[in-house]
Amino acid sequence: MRTLTIYHLGLIDYRTAWDVQRRIARARSAGQVGDTLLLLEHPPTITLGSRASTEHLLVPAEHLSAEGVTVVQSDRGGGATYHAPGQIVAYPIFKLLQHGRDIGRYLRGLEESVIRVLRDDGLIGERVPGLTGVWVRNGAAKICAIGIKVSAGGVTTHGLALNVNIDLRGFDLIVPCGVHGRGVTSMSAELGEVVAMSSVAERLIGHLCAVFDLEPAVVVTAGQWTAHLPAAERDHLAQR
């Protein structure tokens, strides 16, 4: 069974996390590191995927900036989504072919991992035909957004954003994932109580490992993670 290195990065801005993903993905493609999972939160940020445009912003960009919300055009798939503290963001950096999976099966695996996390807390997570992500209440509200990129070498970046205790008012700023007529929710909103983020994160790790046949090995905390990068990538980040 292959092992999984897990990086707990804490609160980190989107562009920095994106740069870290790219560097680990290059190392993964070169065989310098194994499969890796980044777990983190972002400050208030709207990301626009390959199917999104500024038309999916419901307020002017200058207003967003004044409110401290960053807007980033990302290279992931999907539409617009909102990130903020209280949301667990997971970025798996996997060599897709080593898991014997095509992109569709990989996406279904991410969804299945989240569905199992929700089931642990008595919530019924669902798929909606033709859409990516995890929903509740018969598809009425999205609880987890998923958007990925797969490199020419078959290495995945980006991933999923599971709403745990996030302030849902931030989603009023966008058309979430470009889908009209459906709501957005969180685990705490559905359960009526604050949910322990650490518990959700640990269970998400366990279910991802079960679905993708991985063994969690090295757990790296925010203050230590650069030491685990290949030297060339570590030196570059030190110069930032």
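Note that Cβ sites are derived from N, Cα and C of the backbone, with glycine treated the same way.
If you look up Swiss-Prot, you'll see 31-216 marked as domain 'BPL/LPL catalytic', on the strength of sequence analysis.
Annotated substrate binding site per Swiss-Prot: R76, G77, G78, G79, A80, T81, Y82, H83, A145, I146, G147, G159, L160, A161, in sequence order, evidence recorded as sequence analysis. According to DSSP, R76 (substrate binding site) is assigned to coil rather than to any helix or strand. Remark: R76 (substrate binding site) has T47, G49, S50, G147, I148, K149, T157, H158 as non-local neighbours, by Cβ distance under 8 Å and separation of at least 6 in sequence.
Look at Swiss-Prot and you will find K142 tagged as site 'Lowers pKa of active site Cys'. For the recorded site, K142 (site 'Lowers pKa of active site Cys'), the DSSP three-state label reads strand.
The feature active site, acyl-thioester intermediate is assigned by Swiss-Prot to C177. The Cβ of C177 (active site, acyl-thioester intermediate) lies under 8 Å from the Cβ of G78, G79, A80, T81, L131, T132, G133, K142, A145, each of these being in the same chain and 6 or more residues away along the sequence. In the three-state DSSP classification, C177 (active site, acyl-thioester intermediate) falls within coil.
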Around the Cβ of A145 (substrate binding site), the count of other Cβ atoms that are within 10 Å: 27
Which of A80, L160, the listed binding-site residues, has fewest other Cβ atoms within 10 Å: L160
Y82 (substrate binding site) - helix vs strand vs coil (DSSP): strand
